[in-house]
Amino acid sequence: AGNAKMSALMALTIRGCCSHPVCSAMSPICG
């Protein structure tokens, strides 16, 4: 359940994450 919740959260906030230098650097999907 924890993993599913985290995956959903990342999917919903990936664009927001990629707009932040630190989060983007920690997320390979941001390129």
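Every residue gets a Cβ built from N, Cα and C, even glycine.
Per Swiss-Prot, the features are as follows:
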| type | residues | note |
| --- | --- | --- |
| DISULFID | Cys17-Cys23 | disulfide bond |
| DISULFID | Cys18-Cys30 | disulfide bond |
| MOD_RES | Cys30 | cysteine amide |
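Recorded residues Cys17 (disulfide bond) and Cys30 (disulfide bond) have their alpha carbons 8 Å apart, per Cα-Cα distance. Cα spacing between Cys30 (disulfide bond) and Cys23 (disulfide bond): 9 Å, rounded to the nearest whole number. Its Cβ taken as reference, Cys18 (disulfide bond) is surrounded by 15 other Cβ atoms within 10 Å in the chains shown. Around Cys23 (disulfide bond), the C-beta neighbours below 8 angstroms that are at least 6 residues distant in the chain are Cys17, Cys30. When other Cβ atoms within 10 Å of the Cβ of Cys30 (disulfide bond) are tallied across all protein chains shown, the result is 15. Under DSSP, Cys23 (disulfide bond) is assigned to a helix (H, G or I) in the three-state scheme.
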